[in-house]
């Protein structure tokens, strides 16, 4: 039986600075002792997106104090912690350096093992923390940097079934919002405007719908939104609402096709898993209610459980990083050495083909 374990988690991959202390008992159950997150929204909102240098500086200024807060709220000291888990990628390299170097320093000073965690693995394993989910299951990761459909076979065993060939879904939301003059972050702003819009007004494209492969594409949709806005400029509030509603509908129908095919593939490959199969949604875009409703209906139709962890655990947080470290410890994975380096790109499925899209970000993890 795996012994009781406690770990300090650190997350600095983008624009949230976070620290958490999490326990895992012998039966595999989780207890979150503390969860501290500091958002950098105010620092980046004026620029309409995350500025890497500003993000890195903010992590430097905040991280030490957040770690102290996490330990204090958990009522533990470093002596009571069994290991350190820090995000090592993928993400913005400046932020990753801050978090990983801090984790290394703590591990060295306190004599604790270090686990360098893939941020995507944190998202992929969160449902085991919140719902005690058994392997295998599917994860749809939708965020500002990633849109991936991942098969989770076990800890450290991941297959990427689909990914974006250009823009991530969260990126498409943010750029659409900026185009329409809406505030950052764009996802919530677009969702709010869409509530009062006519989704039938614009027939936006649904890229890759009908194709057998399970990849995604959103750059063409973004271009169609720009063209529609230019055609009817200047835009009234109702025009903006209608564009947002039509944009969301196109995304919902795209996901319905892409994920629906993924669910069917899962049932073919795992015809009898012993329990109802599950689809987990994670990432900041998972907060979108229309997206959740679409996925819930799709799961109901196909006989799947639909699992959406609490929003605080869908967006970037250190709890999931600590939990991923605990899962790795429990399965006997050796800790990392102190010469481990951060990686701005770090595919969760090391065997997956690198896709080259047409977005500004180049190769997609």
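Each Cβ is built from the backbone N, Cα and C atoms, and glycine gets one as well.
Annotated in Swiss-Prot:
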BINDING   119, 123, 316  Fe cation binding site
BINDING   141, 142, 143, 144, 145, 174, 187, 288  substrate binding site
Neighbour count check, CB within 10 A, over binding-site residues 174, 316; minimum at 174
The correct three-state DSSP answer for residue 145 (substrate binding site) is coil
Across every protein chain in view, the count of C-beta atoms other than its own within 10 A of the C-beta of residue 141 (substrate binding site) is 26
Candidates 119, 123, 316 (binding-site residues); nearest Cα to residue 141 (substrate binding site) turns out to be 123
Here the 10 Å Cβ neighbour count for residue 288 (substrate binding site) comes out at 24
Taking the centre of the Cβ atoms of 119, 123, 316 as the Fe cation site, the remaining residues of that chain with Cβ inside 8 Å are 11, 13, 87, 120, 122, 143, 282, 283, 317, 320, 321
Whole-number Å distance separating the Cα atoms of residue 119 (Fe cation binding site) and residue 174 (substrate binding site) is 21
Spacing of the two Cα atoms, residue 144 (substrate binding site) and residue 316 (Fe cation binding site), in whole angstrom, works out to 11
Cβ atoms other than its own within 10 Å of the Cβ of residue 123 (Fe cation binding site), all chains, total 32
Neighbouring CB atoms within 10 angstroms of the CB of residue 145 (substrate binding site), all protein chains considered, total 22
